[in-house]
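Engineer: Just lifted these from Swiss-Prot, have a look:
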BINDING   H102, H416  Fe(II)-heme a binding site
BINDING   H279, Y283, H328, H329  Cu cation binding site
BINDING   H414  heme a3 binding site
TRANSMEM  14-34  transmembrane segment
TRANSMEM  58-78  transmembrane segment
TRANSMEM  103-123  transmembrane segment
TRANSMEM  140-160  transmembrane segment
TRANSMEM  187-207  transmembrane segment
TRANSMEM  336-356  transmembrane segment
TRANSMEM  376-396  transmembrane segment
TRANSMEM  415-435  transmembrane segment
TRANSMEM  451-471  transmembrane segment
TRANSMEM  492-512  transmembrane segment
TRANSMEM  586-605  transmembrane segment
TRANSMEM  609-628  transmembrane segment
Amino acid sequence: MNFPWDQLLVKGNWMITMAQIGAPFLVIGLIAVITYFKLWKYLYKEWFTSVDHKKIGLMYLICAVLMFVRGGIDALLLRTQLTIPDNTFLESNHYNEIFSTHGVIMIIFMAMPFVFGLWNVVVPLQIGARDVAFPVMNNISFWLFFVGMILFNLSFIIGGSPAAGWTNYAPLAGEFSPGPGVNYYLVAIQISGIGTLMTGINFFVTILRCKTPTMKFMQMPMFTVTTFITTLIVILAFPVFTVVLALMTFDRVFGTAFFTVADGGMPMLWANFFWVWGHPEVYIVILPAFGIYSEIIPTFARKRLFGHQSMVWATAGIAFLSFLVWVHHFFTMGNGALINSFFSISTMLIGVPTGVKLFNWLLTLYKGRITFESPMLFSLAFIPNFLLGGVTGVMLAMASADYQYHNTYFLVAHFHYTLVTGVVFACLAGLIFWYPKMMGYKLNEKLNAWCFWLFMIGFNVCFLPQFILGLDGMPRRLYTYMPSDGWWLLNVISTIGALLMAVGFLFLVVSIVYSHIKAPREATGDNWDGLGRTLEWSTASAIPPKYNFAITPDWNDYDTFVDMKEHGRHYLDNHNYKDIHMPNNTHTGVIMGIFMLLGGFFLIFETVIPAAICLVGILGSLVYQSFVQDHGYHIPASEVAENEARLREARIKEREAVGHES
């Protein structure tokens, strides 16, 4: 089968042409830098093939930040186009491509890897584990995500981006979208989604089987609890999306008719399958974000989390209801009054467990000795802003009223008030909060504060006017409008807000660079002035030792670590060290990733035979891995004792230095 060379290059747009010219230079420059500093061996042995959950988490976070930049640039392009009426900055199809990629990147390739990165770094440390349950699978999962990310971003310069929206509805995404654009969507998300499913299974088993034996479920830190419940959503929801992506791939590549009315298919089948996955997907990123807030708020309020058990049950209730609300995304598609009523009520019910969480956070703050570090600022700003998103969500849940709001900018404002305040604020707060645990030093708090205030104010300036625009009738997915529509002023204000958000994010980037150069290094591990309340703060900072814990810690209550510090105890007071078994690195993830990248690329351009050859390579890699007799290695007890003695001495010196300064 011949390769469609005529579809390879995208023509006719100056931005794409610049990217096509610049991308090769960027890649060549990156390769040159790595080669000049002789980093290939180091990167391959210490990072690319690593099964250390902390390093894999950092790789996820780096990718997530890069995708935040890409998705943010997309958003600025959209806002620039809509700033003035009859704007010709973007033509219609390019606008459609950008808003399609913006949604996919922010949800699939920014929010999810951000969450997975924090899972990898924090969860095993919070439960007293030495690694995840399946370290090799963890490495493979990352490379599947990475390949999906690369393929999806490749569409901008090779073949053309998808232009059917992030929901990719049939039949628009079928016979009305020729070319490779939609194929990029289907294949890239399919590959990444398989990695996501593997991650969900891995962390589900990790929390069940690898936690310290004395830790009971109701005593787990809330971030771990929300992670565990989220993994259940991943395990139940992602197979649905995997199937529906495969069905549309078969429609487009092999000529089947699952979603084509003329041949007996049903376009609404896609909408139902998509949202059976799509709404739980919202909670796949929201629930861990709630867990992040539940760690930060008690830390800087210096109080135990109020209503810990009710928070656990509320999280479980939200997860259960998330599978019963998908039809609210298409109330206007003629479902009938009975069906709309059921899904309207189930949607409103989600407000009950969510309200429980909000009140628990507020009661945690009540009479707390609150300090306003930047993670706390993001957490406090989340509460009123997310509440506005929730209230407007209840408005949209009323099926009859939804006929007025549906597909207007009111809806756009609503889901940004839930996802940006619920997820993006949490990601930024979590990154700053656990940054010293990952890197051994805190980010500059003054620069972080600038980031917060500009980002939070810019967010409200950007999206509050969009509620009014929606009520005034401005449709979503609109690439231009006329002066007579009267939407110009509010769109200008909205664009100014988007620019403020971008400047705020730049302050975070400056903070990362500045702190890397100037910030003092810390060894105690309990980096926020000794306020840490969970086990990860008991270990060394800057990627703790590969084994995490020299001995298995005891955990008898939700606030065990706080009690230990108050009584002057440490989990290492017992010096009965033993040899520690650890897993070896793996090449399988990198090899599978290469086959996935090539096979996915050929499938996108419907070149089936090379894609099939790559599939054989993928299956061969898995078969080979299944026969590998790798029993790992042991860290001798003497080495553990020496390492822990060195860390203990560093902690003592650091505490003495702090004492002299105070």
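Each Cβ is built from the backbone N, Cα and C atoms, and glycine gets one as well.
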Engineer: Here are the binding-site residues: H329, H416. Which has the lowest count of other Cβ atoms within 10 Å?
Structural biologist: H416
Engineer: Using Cα coordinates, what distance in whole Å links H416 (Fe(II)-heme a binding site) and Y283 (Cu cation binding site)?
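Structural biologist: For H416 (Fe(II)-heme a binding site) versus Y283 (Cu cation binding site), the Cα atoms are 14 Å apart.
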Engineer: With pairs closer than 6 in sequence left out, are the transmembrane segment (492-512) and the transmembrane segment (14-34) joined by 3 or more CB pairs under 8 Å?
Structural biologist: no
Engineer: Who are the long-range neighbours of the transmembrane segment (492-512) in its own chain, taking Cβ under 8 Å and residues 6 or more past its ends?
Structural biologist: 68-69, 72, 75-76, 79-80, 82-84, 428, 443-444, 447-448, 450-463, 465-466, 469
Engineer: Flag the pair the transmembrane segment (58-78) / the transmembrane segment (336-356) as in contact if three or more Cβ pairs fall under 8 Å (sequence separation 6 or more).
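Structural biologist: Counting Cβ pairs under 8 Å, fewer than 3, so no.
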Engineer: Of the listed stretches 103-123, 140-160, 376-396, 415-435, which one has the most C-beta pairs under 8 A with the transmembrane segment (586-605)?
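Structural biologist: That would be 140-160.
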Engineer: Quick check for the class: what is the C-alpha distance, in angstrom and rounded, between Y283 (Cu cation binding site) and H414 (heme a3 binding site)?
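Structural biologist: That separation, Cα to Cα, works out to 15 Å.
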Engineer: Which one of these stretches, 103-123, 140-160, 336-356, 451-471, has the most C-beta pairs shorter than 8 Å to the transmembrane segment (376-396)?
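Structural biologist: So the stretch in question is 451-471.
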Engineer: Counting Cβ pairs under 8 Å to the transmembrane segment (103-123), which of 140-160, 187-207, 336-356, 415-435 comes out on top?
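Structural biologist: Counting Cβ pairs under 8 Å, the winner is 415-435.
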Engineer: Against which stretches of its own chain does the transmembrane segment (187-207) lie, if we need a Cβ under 8 Å and a gap of at least six residues from its ends?
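Structural biologist: Hits for the transmembrane segment (187-207): 104, 108-109, 112, 116, 119, 123-124, 127, 129, 132-134, 137-138, 140-145, 147-149, 151-152, 155, 220, 224, 227-228, 230-235, 238-239, 241-242, 245-246, 249, 596, 600, 603-604.
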Engineer: Which residues of the same chain, at least 6 past either end of the transmembrane segment (336-356), have a Cβ under 8 Å from a Cβ in it?
Structural biologist: 307, 310-311, 313-315, 317-318, 321-322, 324-328, 390, 393-394, 397-399
Engineer: Which residues of the same chain, at least 6 past either end of the transmembrane segment (140-160), have a Cβ under 8 Å from a Cβ in it?
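Structural biologist: Contacts with the transmembrane segment (140-160): 7-10, 16, 19-20, 23, 56, 59-60, 63, 67, 70, 97, 101, 104-105, 108-109, 113, 116, 179-181, 184-185, 187-196, 198-199, 202, 586, 588-590, 592-593, 596-597, 600-601, 604-605.
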Engineer: How far is it from H328 (Cu cation binding site) to H102 (Fe(II)-heme a binding site), counting Cα to Cα, in Å?
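Structural biologist: For H328 (Cu cation binding site) versus H102 (Fe(II)-heme a binding site), the Cα atoms are 23 Å apart.
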Engineer: If you measure H102 (Fe(II)-heme a binding site) to H414 (heme a3 binding site) at Cα, how many Å is it?
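Structural biologist: Here the two Cα atoms lie 17 Å apart.
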Engineer: With an 8 Å cut-off on Cβ distance to the H279, Y283, H328, H329 Cβ center, who else from the chain surrounds the Cu cation site?
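Structural biologist: In sequence order, the nearby non-listed residues are W275, G278, P280, V282, S322, V325, W326, T347.
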